[in-house]
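The domain 'CBS' annotation in TrEMBL covers B:148-213, B:214-271. The transmembrane segment annotation in TrEMBL covers B:297-314, B:320-337, B:371-392, B:398-424, B:436-459.
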Protein chains: 2
Amino acid sequence: MEESPETTEGVVKESQDAWEQIDQIVAAGDPEAAHDFLKELPPGEDARVMAQLSDSEQQEFITLISDENAARLMESLPELQAGQLLSALPPEQAAPIFDEMHSDEQVDLLDQLPKSQSAAILEEMDPTAAENVRFLAQYDQLSAGGLMITELLAFEESESVDDVVSNLRQNAEKYGAYNVQYIYVINSELQLTGVLRLRDLLLAPPQRQISKMMITNPTSVLDSTGLQDLQHFFDAHPLFGLPVVDKNNKLVGVIRREDVEQAGEEQAGRTFLRFAGIMGGEELRSLPLKTRSARRLSWLSINIVLNVVAASVIAMYEDILASVIALAVFLPIVSDMSGCSGNQSIAVSTRELVLGVIRPRDWFYIFRKEFVLGMVNGIALGVLLGTVAYLWKGIPALGLVVGGALALNTLMAVCLGAVIPLILKGFKLDPALASGPILTTLTDMCGFFLVLSFAQALLPWLT
Amino acid sequence: MEESPETTEGVVKESQDAWEQIDQIVAAGDPEAAHDFLKELPPGEDARVMAQLSDSEQQEFITLISDENAARLMESLPELQAGQLLSALPPEQAAPIFDEMHSDEQVDLLDQLPKSQSAAILEEMDPTAAENVRFLAQYDQLSAGGLMITELLAFEESESVDDVVSNLRQNAEKYGAYNVQYIYVINSELQLTGVLRLRDLLLAPPQRQISKMMITNPTSVLDSTGLQDLQHFFDAHPLFGLPVVDKNNKLVGVIRREDVEQAGEEQAGRTFLRFAGIMGGEELRSLPLKTRSARRLSWLSINIVLNVVAASVIAMYEDILASVIALAVFLPIVSDMSGCSGNQSIAVSTRELVLGVIRPRDWFYIFRKEFVLGMVNGIALGVLLGTVAYLWKGIPALGLVVGGALALNTLMAVCLGAVIPLILKGFKLDPALASGPILTTLTDMCGFFLVLSFAQALLPWLT
């Protein structure tokens, strides 16, 4: 019996050995050892082991294994890593690996490569497969067309149960790779007219025409349907796959539950990274330094400009600061805490948008909910920081200035943080990437202004 | 043909009507209208529509629909929302709804309720189902045991193909809800000995004993296997489900791909929220204010203490600040920018941990990678901010102080941000929740110290 490793420690120990092994295998150039190595590697360890090899070692390893094994390996690596690895191979070596992949993976991985290289690979690929890729590439990656596979079983209405079963028997090996759950029935215009479940074939008399026993008016989705609608659909329906049709009801592919869920998982990961300022929503440390640095810097340099703009508010009050130098201690605190409170709201709104619990037009409902929470948390934090300020210098007015400013600014940050993602989403912008910088710029400016203008008003009691 | 909505606008328009409709239905207390309403509701809209109703209206709506429909509704709502709704129902009303749920959902949702209430519901539930829940509740929610379902088809080795097929026919309706893909074969000790695919039954002679045609030594997972190992396993194997066995190889359940992927998606969402400081990793605006405020405040109040500690560095240099008041403008910028750079590293490390590309013991590899990136980005940002400072006041030393401090502090933030999640993970702490506050406290202290001590050293050239 194949046993899954019981503890993380077990996996770590195995992969420790794995690194030494793969180094030796690449050095020896032993195809058989490479094959056995891949077979023995615990699932999920491949990404980590490959990341440890240099680009040229990875390339050598790929040449050692069969095209089919290479295709399986590419499919299980994170897309970015697989793309990087494939882009190091010459097109005539990459093409046969692509030929062995599932249709949806072919498109996704070619998309990771430079245009000129993907064109060269398509030239080298099996012509039918290449044409299929070009067909799939027209779809948005996160639509039913972009997520579907084209490996499916379709039979014409006029065929009988016996026709279907003998076809299944003859092509058992080929279809084994299809993970067939449903058989689709089409008319002479290739339009979807019905669906058959495998188990129904079990119980039907062989001579019956399939059009007589199929489920008519089967549920299908349009190729343009978006990921979020697909997720909701699969949440609500216990199906493994759905036929995908174009606007003429022609059957073009099958979308499987697993592809939708995997795409959803990847989206969630990308949202998380974009939220932290990683452009493009993906970074692996095995990427070239230039790419990584440039992606991070492009976000940071926008931020630094916004920061300078916000801090210019402080510059306008230099005389107040000079008279009450203690205020300089509290400016970063007010800025940071308002940022934290606002980010909590942003995160909840972004999450609720993803879950489909709210939509952009619900902004007023959200605003009302957050306003009350902002009042409660603002007062709590304001009292806390105000007390600290008062106790430190023994000046009641300092506590009032600092506490009052933080309270008001928290209220503002909480409300803005809740609404900004909705507004961005409403304008079809990416809430995860842009909400943070917009929020902190606004709350910093407002926070600095509140602290310093309150101080100006209470100046006689502060000095 | 059932069509999926083509555009978001379509869905929005429908749900606008939906709110008015559900209000009327609840007001009229019309069960038939409630049933039709649920059937017509676009998938994924239920969470949003229910969130708009008050607690008492939600409760009234649930009493209008059948227990089975209520169970389906609960299964499709976010867990937190379903838990909140169920906790408002008296146990004798909640129990029959639980009876209609799948076994894994029963456990997850009972877990959302207060202890006393879940005990009361278990008392009222069907005794067999309740016993099953108690059995499943012993497992960690994110292990194979916690994610598996117990609805499965198992037959003894001695039975024939004909026995199995006639059993399937007789129980077609009951098994329809099971989404059966595989049939498991057990011995008299209930140990898993083989597996049969439905399609194999198609092709086999009726009299054959199933032990003669089953796949022996089937792949299975231990009930204690964790989510991450399960994800890697399903990534590597194109299977719909796996039998789950206990340590005596007794068949205890089936874990389906969709459950593993859904759990992975939820985890990613929770990581995102914890990263932004939402304790427990879940918040919906429909939760009571007290709960939401308390969860957010508990994280914020730790942060405010850390902020005060960090800012106390500024307090030690009040005299320097008093002589060069312009520094006060740059302190929040250095603090915020280092926080941003560090958070990017944290996000990439957290993501790579989730993807399984790195493990805590790889910290030195990660550190090396980030050190170079930190140097590049640090110099870029330092030059940028230093130039701004110099141009503003015309004092070269001011540019040197501010730019040099930001450059060094960025390097530190990038390296710390990359390594902190690994260290926390190594100590089995939650990287998403704790990394941010630890990082910003350290980088703030260090940033303030660098700016102010550089200024102290260059004081003659600054004034």
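In case you wondered, yes, glycine gets a Cβ from its N, Cα and C as well.
Remember, TrEMBL labels are computer predictions, not curated facts.
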- Near the transmembrane segment (B:320-337), which same-chain residues lie under 8 Å Cβ to Cβ, leaving out any that are not at least 6 residues past its ends? 310, 314, 381, 385, 389, 392-393, 398, 401-402, 405-406, 409-410, 440, 443-444, 447-448, 450-452, 455-456, 459, 462-463
- Message: When secondary structure is assigned with DSSP, how many helix, strand and coil residues does the domain 'CBS' (B:214-271) contain?
- Response: 25 helix, 17 strand, 16 coil
- Task: Give the residue counts of the domain 'CBS' (B:148-213) per reduced DSSP state, in the order helix, strand, coil.
- Result: 25 helix, 18 strand, 23 coil
- Note on the structure: The answer for the transmembrane segment (B:297-314), taking Cβ pairs under 8 Å and residues 6+ beyond its ends, is 277-279, 321, 331, 335, 433, 437, 440-441, 444-445, 448-449, 452
- Message: Just to confirm my parser: what is the rounded mean pLDDT across the domain 'CBS' (B:214-271)?
- Response: 85
